[in-house]
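Visitor: Pasting a structure here, questions to come.
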Amino acid sequence: MNPQDGRNWPQAPDSGGSSGQQNTENPPGRTEPFANTPAAEPAAQTGAQAGAGLPAASGGIYPIGATAPQPMTSAHSSSKSIKPRLIGGLRLLINLATFVALVWLGVVLINHFAFQSYFVQGTSMQPTLQNNDRLLVSKFERTGAMLTSQPYLPARGQIVVLDSRASPFTAVQKEELVKRVIGLPGDTVTIDGGKVIIKNPSNPYGFNVDQALGLRLDPTYADQPLTVEVPAGQVFVLGDNRGPGGSYDSRSFGTVPVRYIEGRLWVRLFPFDRFHVFK
């Protein structure tokens, strides 16, 4: 019987033979620790650390002795968010540049090996072609000959586009020419009396080339009778405007090497009411 509160208290086990020593542990029914109990100290430390670290309302739990993480500052947060945006923008720029380069390369390859669009400036091919006609020129025959290591030679009567190097004047002006192929290698071309006559081993007596091609053109002008032998690998070309000063062609600058032929006229695209596919 404890004389202080009148209740019976359990006695501690007698380890040293003394049975009169009182138990200093929490009696049953009491929940608060004694003031000198070590269990009260961690609670006090945790509270102090919480006050120094996260706010008390944060509810964070951290090991004793560890420092609670500090709240992320706005500068740190913005730097982390800017980096992905920079990487994403750089990736987009690279993809766009790659796309543009591939498109450009595709256009270059198509224009060089397949077909290319031109428009007519001038009247040298009237009445067949008019000023500002939009043309599509095929390069398939030339490309096919190159791939098969065969010499390229356009057919007689075909309308072709010539590289600017075809004549001294256009070489300076950097300007292509559009003309009709009249004479082929081995031909002898004679212009006399407004007619164009072709002689070759197959036609030793000659033939009127405009009649053979079904062309209805004005008489072909020449200051004086003109006779030209077409060497190997070259062609003789004329514009369809055959009058005086109507066309700058082989009457002025002679025969043209085949390597200067860009391609043959395939389609007149514009104007739409004069759309035409050429053979």
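Placed from the backbone N, Cα and C atoms, the Cβ positions cover glycine too.
When I checked TrEMBL for this same protein, it listed these features:
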type: REGION; residues: 1-52; note: region 'Disordered'
type: COMPBIAS; residues: 38-52; note: compositional bias 'Low complexity'
type: TRANSMEM; residues: 92-115; note: transmembrane segment
type: DOMAIN; residues: 96-268; note: domain 'Peptidase S26'
type: ACT_SITE; residues: SER124; note: active site
type: ACT_SITE; residues: LYS179; note: active site
Visitor: When you measure from the Cβ of SER124 (active site), which residues in the chain that are at least 6 apart have a Cβ under 8 Å away?
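Guide: Same-chain residues close to SER124 (active site) (Cβ under 8 Å, separated by 6 or more) are LEU177, VAL178, LYS179, GLY239, ASP240, ASN241, GLY246, SER247, TYR248, ASP249.
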Visitor: Where does LYS179 (active site) sit in DSSP terms: helix, strand, or coil?
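Guide: DSSP assigns LYS179 (active site) to strand.
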Visitor: Can you check how the pLDDT averages out over the domain 'Peptidase S26' (96-268)?
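Guide: Here the predicted model's pLDDT, averaged over the domain 'Peptidase S26' (96-268), is 94.
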Visitor: Over all shown protein chains, what is the count of other CB atoms within 10 A of the CB belonging to LYS179 (active site)?
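Guide: Taking all protein chains shown, LYS179 (active site) has 25 Cβ neighbours within 10 Å.
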